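S.K.: Handing you this structure, nothing more for now.
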Amino acid sequence: MEGETAVEDSNKIPDSEVKEDPTDAPEGDANPEKADEEKPEGDEGKAAEGEPAADQIEELTEDAEALKQELEKIVVVTPPQPPRPEEKFDPADFPPSYKDNLPKELLVLQYVDNFRRQYVHLYRDRKPLFLNPVNEFGVEKFVCTTIRPTQLHFKELYNWDGAAEFVADYLDFDTLDPPYEIPTRMLSPATVLKRQRGNCFEYSTLLCSLLIAAGYDAYVVNGYATRETCIGDETREICPLLKKKEEIRPEETKREMKKYSVKPPKDLRSKFILKMEARKREVPESFFIEPFTGISHSVMSPNYLGIESVWNNFNYWSNMQDCSEGVGKISYDLGDCTCWEYMFPGLDKPILQIPEADDDLLDDDDEDKDADVEKHLDMPPSWVEPLRLIQRDFEMRCPQGKKLKLYKRAKLEKFAHYLMKDGLVCRLSVYDNRELTDLVMVKEYYQHREDKLYQRIHNHRSGWITESFFAGRAHCLKEHQYKASAPGPENERTMLFFHEARVDGLEKRVETATEMTEHFIDRDDFLYYKHVIFGKRPKKFGPQESSAPNANPRPIVKMVIKFRRNPAKIANDDVAEMVFLCAEDKIQLTYHTEHSNIAASTRDYIKPPNWDEKGAILNWAADMHQTFQVDPHAEPSKQVKLYEFLVYLLKEEEKCRERVRESEDEVREILNEREKEEAASDLEISVYDTERNEKARTHRRELEQRLLEEKLRKQEMEIDYLAPFLAQMGDPEKISRAQAYKLKEDCLADLKQRLIDKANLIQARFEKETHELQKKQAWYQQNQVSMSKDDEEDYLNYCSEAMFRIHILELRLNRHKEIAPHKYMALEQRLRNDPRLAEYF
C-alpha cells in the first residue's frame with residue numbers, strides 16, 4: 001500500500017514511498033530554551049533614604065517638625081506643564097483546538113460512511129478505501145480535513161523541490177503494519193513535524209499541506225508500488241546529485257484567435273488539464289513526487305502499480321479504472337465521472353478545457369449564464385492546528401542531525417548546518433562497484449564557511465582536487481584545481497577568478513612546474529593572454545643568503561602576451577602579440593591582420609648589450625632591427641622611432657617580468673591562506689543567532705557577572721555613617737554614655753545641615769534660572785521690533801529650555817522637602833538601633 005503525493009498538470013505531486021529506517025529519531029523540541037531568571041535589584045540606599053510607603057502614616061518628632069517648618073519657608077512658583085501622551089497597546093491571541101468533531105464534520109462522516117457502503121457493494125473484490133482513520137485522540141477524522149495548508153516562513157519551502165527535499169530529510173519513516181493494509185490511525189501533520197516520524201500517508205499529508213500552501217494543486221495518492229519503493233530501497237537507483245538536470249521545455253504560445261474566426265470543435269479527449277485559479281502555480285506537466293526521497297517521477301513511471309484513490313483539502317476521488325497494467329494507461333481527468341467517482345458534487349472538481357481557445361470566445365451566450373447553481377455540502381475547515389517550525393529545528397533538517405542514504409554505486413551522507421566543525425552539510429562518495437569498496441570520487445558540500453568554500457571534489461583516480469568558492473574572498477578566487485600529492489606552489493594547478501571583482505581582469509591562471517598561463521577579460525589595454533616559460537634554477541654553492549621563496553626565483557626563459565583588436569588603431573600599428581625571448585635577448589612583435597590581407601606585419605628586435613644597465617644610453621645599430629611590412633607601399637619607419645619603440649619594449653618587458661613575479665607571490669599567498677583556513681575551519685555565525693554566537697553569549701555573560709560583582713561589592717562596602725565622628729573622638733574601643741549622646745547629636749545635626757544646604761542650593765539654582773529668563777524676556781521686549789526670524793526662533797528655543805530646567809528644579813525641591821523629614825527620622829532610628837549605641841537608648 002503506497003501513499004503518494006501528486007501534483008496536477010500545473011500541479012501534480014509525486015507518490016510518497018514507505019521507507020524503513022531502524023533508527024528512531026527523537027521528537028523535535030519546538031520549545032525555545034528558557035531564559036535566565038531575572039534577579040531582583042538590590043535595595044541599597046533605601047534604609048539611608050528612609051522613605052516610607054505611601055500607605056504608611058508616621059508622626060514627626062519635634063526636631064523633624066522644626067526642620068519641616070524651616071523648609072516650608074522656601075517657596076517657588078513655576079508655570080504649568082502640558083500633560084504627557086498616553087501609551088497604547090495592541091494585544092493579539094488565538095488558541096486552536098481539534099479534539100472534537102463539529103456538527104458539520106459529523107455530517108461529512110455520514111457522507112463518508114454512505115460512500116464507503118456503496119463502494120463496497122459495487123467493488124467487493126477491491127481493498128477498502130482510506131477515508132476516516134482516527135487521530136491522536138482516537139477521534140475519527142476525514143482524510144481531506146487532515147490536510148492543513150500552512151505557508152512556513154522559510155524560502156526553501158516555497159518551491160516543490162525544496163519542500164519535498166525537506167520532508168524527505170526531516171522525517172524518519174515507519175512502515176505500515178502490515179505493509180499491504182491501510183492504517184487505522186493517521187496523525188496530524190503538526191504532530192508529525194514534532195515527532196519527526198511518520199508512515200507513507202503521514203509523509204504525503206504533510207508534503208501536500210506545504211505544497212497547497214505554496215500555491216500548487218497537490219493531491220495525496222493512495223495506491224500500490226514496487227517493493228523497492230515501499231521499503232525505501234534506493235540501492236538500484238542513481239543518486240540524484242549524479243543525474244544531469246533536465247532542460248526546461250519552453251512553453252508553447254497560444255494561438256491567437258480573431259474575433260470572427262470559426263470556433264474550433266470541442267476537444268473531448270482526456271487531457272488531465274485542470275482549471276487553474278489565480279493563486280495556483282503552473283508546472284510544465286503532471287508528475288508524482290516521492291515524499292520519502294523528494295524526487296519527482298513521471299505519471300508513466302513503472303515504480304507505481306495501481307491507484308485506489310486521490311484527495312486534496314476540497315474533495316475525494318475514487319479510481320474506477322483498471323490498473324492491471326500499471327498506471328501508464330490511467331486517465332487523470334478527475335472531471336470524467338466514468339474514470340473517477342467524486343465524493344462531494346460541486347463546482348470545485350476539475351473539468352476539461354479546450355487548450356487553445358480563450359474562454360471568452362467559447363462561452364455560450366445564454367446557456368451558462370441562466371443555469372441554476374445547485375448547492376452542495378462543502379468541505380469543513382481542517383481540524384489540524386497550523387504547522388509550526390522554529391529556525392533551529394529547520395536547520396537540523398535530519399533527525400539527530402545526520403542521515404545516510406545508499407544508492408547504486410554511491411553513498412550520500414547529509415549533516416545539519418553547524419553540526420560539523422568544518423561546515424560540511426553533504427558528502428557524496430562514488431564507487432566503482434556495488435559493494436561500495438572501490439572509491440572513485442568524493443564530493444563534499446559546505447555552508448557558512450568564512451573562507452567562502454562551498455564544494456570540494458576529490459577524484460581518487462586522477463588525484464585532482466577541485467575547490468569552489470563563493471564571491472567575497474581576498475583574491476577573488478572562484479575555483480582551485482590542484483594535485484592532492486603536490487599541493488604546494490610551482491606545481492600543476494588551475495585557478496579561476498571572479499574577473500569582474502579584480503582590477504586586472506584576471507579570469508584564469510594555469511600553472512605547472514615550468515609554465516604559467518593567464519587569461520584576462522575586459523581590460524582597457526586589450527590584453528587577454530599571457531604565457532610564461534620558466535627555466536631551471538641555477539645551483540648556488542656556499543651559505544644560503546635567505547630562506548624566502550623569492551630569494552632564488554625561477555629564471556624566465558620566454559614571455560608571450562597577446563592583445564585583442566583595438567578599433568581605434570590601424571591593423572599595422574595595433575600589436576597582436578609580443579614575445580620576449582629573455583634567454584636569447586630578442587623581442588618579436590606580430591601585428592593584427594587587415595580584413596583584405598592574409599598575413600600580418602612583424603617586427604623583430606635584438607636587445608643591445610647594455611640593455612640591463614640602469615641609466616645607460618642604449619647602443620643602436622641598423623642590424624638590431626628587422627621588419628616585415630605587409631603593405632609594400634607603406635613608408636618605412638625612421639631609426640629614431642625604432643629606437644624609441646625599442647626603449648618602450650624594454651620597459652614593457654620589465655613590467656611584464658614584475659607582473660609575473662607578482663603572480664607567483666599571489667599564488668603563494670593564496671596557498672598559505674588556504675592552509676590556515678583549513679586548519680581553522682571557522683564558520684560564519686549571524687549576529688542574530690544568539691544560540692550559536694559564542695562570542696556574543698560570552699560577552700553577555702561577562703557583563704552580567706560584572707554587574708553582579710559590582711552589586712555585591714557595594715553591599716559589602718556600605719558607608720559607616722559614624723566613622724567620621726568616631727575619628728574625631730580618637731576611635732575609642734568602648735563608647736560611654738556621654739559619647740553616645742554626643743555622637744547622636746552630631747550625626748543628626750550634620751544631616752540636618754546637609755539637608756538644608758541642599759534645599760538652599762536647589763533654590764539658588766532656581767532663582768538663577770528664573771532671573772536669566774526674566775532678563776531674556778526683558779531683552780526681547782526691547783528688541784522685538786527689530787529682531788529677525790532666526791533671532792526670534794532662538795529666543796523661543798531658549799525660553800522652552802529654560803522653562804524645562806525651572807520645572808525640573810521645582811520638582812526636585814518639592815521632592816526634597818517631602819522626604820527630608822523622613823530621612824532625618826530614619827537616621828535617628830538607625831542610631832537608636834546601632835549595636836554600638838543601642839545600650840544607651
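Numbers here mean position along the shown chain, with the first residue as 1.
Keep in mind that glycine also has a Cβ here, set from the backbone N, Cα and C atoms.
Unlike curated entries, TrEMBL annotations are predicted automatically.
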S.K.: Which one of 76-96, 475-495, 664-684, 769-789 shows up in TrEMBL as region 'Disordered'?
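M.R.: In TrEMBL, the region 'Disordered' feature sits at 76-96.
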S.K.: What is the average pLDDT across the domain 'Dynein regulatory complex subunit 7 MORN' (399-686)?
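M.R.: Summing pLDDT over the domain 'Dynein regulatory complex subunit 7 MORN' (399-686) and dividing by its length gives 89.
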S.K.: Tally of helix, strand and coil residues over the domain 'Dynein regulatory complex subunit 7 C-terminal' (733-840) according to DSSP?
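M.R.: Breakdown, helix to coil: 95 helix, 0 strand, 13 coil.
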S.K.: Using DSSP, what's the helix, strand and coil tally for the domain 'Transglutaminase-like' (165-228)?
M.R.: 29 helix, 13 strand, 22 coil
